[in-house]
Every structure is written in structure tokens, then in C-alpha cells.
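Trainee: If you scroll down you'll find the structure; I have some questions about it.
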Amino acid sequence: MANATQTQTEVYLFEQVIVLFSCALSFLGSSLIILTYIIWSDLRTTPRKLLVYLSVSDWLSAVSYAFGVWSVFRTNSAECVAQGAISTFANTSSFFWTVAIAVYLYVFIVRANQRVADSLVLVFHLVSWGIPLAITIAAVSLNKIGYDASEVSVGWCWVRINVQDRVLWMLLTGKIWEFLAYLTLPFLYILIKRHIHIAHAALSEYRPILANRPPAHSFSSMADVKLTLIPIIFIVLRIWSTVRFILLLADSSVRQNPALVTLHGIGNTLQGAANCVMFVLFTQPIRTRLCAALTSCSQCRAEAQRPHRLLPEQDATARREEDSTERGHADR
């Protein structure tokens with residue numbers, strides 16, 4: 001590999017605009033996942049709780065990456081180091097939470113052991129927050145985080161490009177966990193999908209008997225099965241970062257290709273938005289509630305804009321309508 005201090009990937013304005021837009025979508029998407037979980041208590045299944053923890057990491061990643069892309073750092077400034085540390089922690093934590101969700105679903109669905117699955121949540125917290133925090137603290141303490149010339153980033157800071165052991169620290173602060181996720185997630189995902197397919201095939205034999213019965217709720221919510229799509233989203237979005245890292249190791253100038261740089265920027269920042277589309281906007285119960293809430297808010301705003309003073313002859317009619325409405329709600 002050539003001397004990295006002599007190279008730098010130019011980040012063009014159109015790339016900044018696209019990646020900042022991706023960051024904004026991820027920020028909004030992660031926020032919506034978190035807010036729906038807080039607002040509606042009956043949606044607080046354990047898989048969705050794990051999705052919220054993943055969304056916290058994605059939210060933090062989106063904010064830190066947006067700051068880096070906006071700034072396009074050129075030196076090892078304090079702001080660069082701070083941004084690099086936060087994005088390193090959040091990005092690595094996102095890897096761990098993505099794997100944690102797959103492990104939980106495997107134990108819950110395939111092994112059919114909810115008690116064991118729920119007992120793993122504490123371990124997930126210790127691993128998914130603890131390991132990224134320890135790695136980030138070590139990297140900052142040893143002056144490994146800073147300006148990286150956008151060689152494996154898109155304007156933001158990561159591992160300093162001029163440190164001799166930069167490849168080792170790139171692995172420790174993200175890439176090794178990314179590679180392990182590529183191996184682990186498809187394996188668990190295939191096992192989960194295979195189990196669901198077998199279960200559906202077995203259930204089809206009893207459908208004539210169960211036709212007039214309500215569907216059984218063996219899981220907290222069938223919507224949580226969609227969480228198995230998280231590994232696919234993860235791989236599709238993250239692969240561009242991996243490609244650029246491999247090209248850096250091979251000292252290939254292709255890593256500086258604007259299209260590849262743009263895909264890298266979008267992939268690293270869009271996971272929160274992708275999760276929101278799949279598990280909020282494409283999940284009917286949540287989508288219905290959001291539409292109802294937005295409609296209610298629109299009605300409230302329209303009502304607030306109406307004049308409140310009534311003519312004397314209208315006052316009695318309004319009171320009768322209010323009384324009738326209150327009785328109607330009471331009857332329900």
C-alpha cells in the first residue's frame with residue numbers, strides 16, 4: 001500500500017448535499033422509531049425495544065456524520081477528533097445491535113425460548129455499548145482518531161491517515177466487526193427464515209380446522225418478523241464502505257471514484273431511514289396510528305383557527321351539540 005499521507009479523496013459539493021440529505025432522513029427515521037415506541041406502550045415488545053437501541057446508535061451516527069460531511073475536515077482539530085470518536089462509537093455500536101437483534105430473533109423464534117431470549121438483553125447492553133466505548137476510548141487516548149483524508153470516509157474523521165498501524169485500528173474501530181456481521185447475519189437470517197417457512201408449511205395442514213378461529217398470537221406481534229430484514233438492509237448499505245476499505249488495502253485509485261464515494265456516504269448514513277420505512281411506514285398498525293394522529297392534529301389546528309364567538313341564537317344549539325357529543329363518547 002502506498003504512503004497514505006500523499007493521497008486524499010476529494011469530496012465534491014454534490015456528494016456533500018446527497019450525504020447530508022441521507023443523514024437528515026436517517027435522523028428523522030430514527031427519531032420516529034424512538035417516538036412511536038415511547039408514545040404507544042402496547043408496541044413495546046422486546047424485539048422492537050432492541051430496534052429502538054439500534055435506532056439510538058443510528059441517530060447518533062447520522063448527527064455525527066452530518067457534522068463531519070458539513071465540515072469536511074482537513075486537519076486533526078479537536079472538532080475532528082470529537083466527531084470521529086462519536087461516529088466510531090455509534091457506528092460500532094450499530095454493528096453490535098444489528099447482530100444482537102438477529103441473535104434474539106433466532107433464540108425467540110427458532111429455539112422458541114422467550115425466557116432465554118429476554119435474559120440476553122442485559123448481555124446485549126454490556127456488549128453493544130461496552131465494547132464500542134472501550135475501543136473508542138483506547139483509540140482516542142492513543143491519538144489514533146483524527147483526519148483520514150476521506151480515504152475510507154466521506155468528509156468525516158476516523159482513523160488518522162498518517163499513523164503507521166492505521167489498518168489495525170481501522171479493523172478494531174469498525175471493519176473487523178463489519179466483516180463478522182457479514183458472516184453472522186446471513187447465517188442467522190437463513191435459519192430464521194427456514195424455521196418460519198417450515199412452521200407456515202406445517203400450519204397449512206391444519207388450516208381447514210382453524211379456518212373459523214382467530215389467528216393465534218404465538219409471538220408478541222407478527223410484525224416483529226420484519227425485523228429479520230435488518231441484516232439484509234445492513235449488508236446492502238454497508239457493502240460500499242467495505243469495498244473502499246479493500247481498495248485502500250490494494251492501493252487502488254478506484255476508491256476515489258465519485259460514484260463509489262457517494263454510495264459509501266449514503267450507505268453509512270441511511271440505515272435509520274431504511275429501518276423507519278420498513279418497521280414504521282410499512283407496518284400497518286403503526287402507520288394507521290400515525291395517520292390518525294396526524295389527522296387529529298390537522299382537525300385541532302382547523303378548529304383553533306375558527307372564530308370562537310357565537311351569536312346568541314347559536315349558543316343554545318352549540319351547547320346541545322356538545323352535550324350530544326359527550327353522551328355519544330360516554331356510550332362508547
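Note: Cβ is positioned from N, Cα and C throughout, glycine not excepted.
TrEMBL feature annotations, pasted as is:
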- 15-172: domain 'G-protein coupled receptors family 2 profile 2' (DOMAIN)
- 17-38: transmembrane segment (TRANSMEM)
- 29-282: domain 'G-protein coupled receptors family 1 profile' (DOMAIN)
- 50-73: transmembrane segment (TRANSMEM)
- 85-108: transmembrane segment (TRANSMEM)
- 120-142: transmembrane segment (TRANSMEM)
- 168-192: transmembrane segment (TRANSMEM)
- 227-247: transmembrane segment (TRANSMEM)
- 259-282: transmembrane segment (TRANSMEM)
- 308-332: region 'Disordered' (REGION)
Trainee: Mind checking which residues reach the transmembrane segment (120-142)? Cβ under 8 Å, same chain, six or more beyond either end.
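Mentor: For the transmembrane segment (120-142), the nonlocal Cβ contacts are 46, 49-50, 53, 57, 81, 85, 88-90, 92-93, 96-97, 100, 103-104, 107, 159, 169, 172-173.
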Trainee: Cβ under 8 Å, sequence separation of at least 6 from the ends of the transmembrane segment (50-73): give me the contacting residues as numbers and ranges.
Mentor: 11, 16, 19-20, 23-24, 26-27, 29-31, 33-34, 37, 79-80, 83-84, 86-87, 89-91, 93-94, 97-98, 100-101, 104, 121, 124-125, 128, 147, 150, 153-157, 227, 230, 265, 268-269, 271-272, 275, 279
Trainee: Restricting to the domain 'G-protein coupled receptors family 1 profile' (29-282), what is the model's mean pLDDT?
Mentor: 87
Trainee: What same-chain residues lie close to the transmembrane segment (227-247): Cβ under 8 Å, and 6 or more beyond its ends?
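Mentor: Hits for the transmembrane segment (227-247): 47-48, 50-51, 54, 98, 101-102, 105, 151-152, 170, 175, 178-179, 181-182, 185-186, 188-189, 192-193, 196, 254-255, 260-261, 263-264, 266-268, 270-271, 274-275, 278-279.
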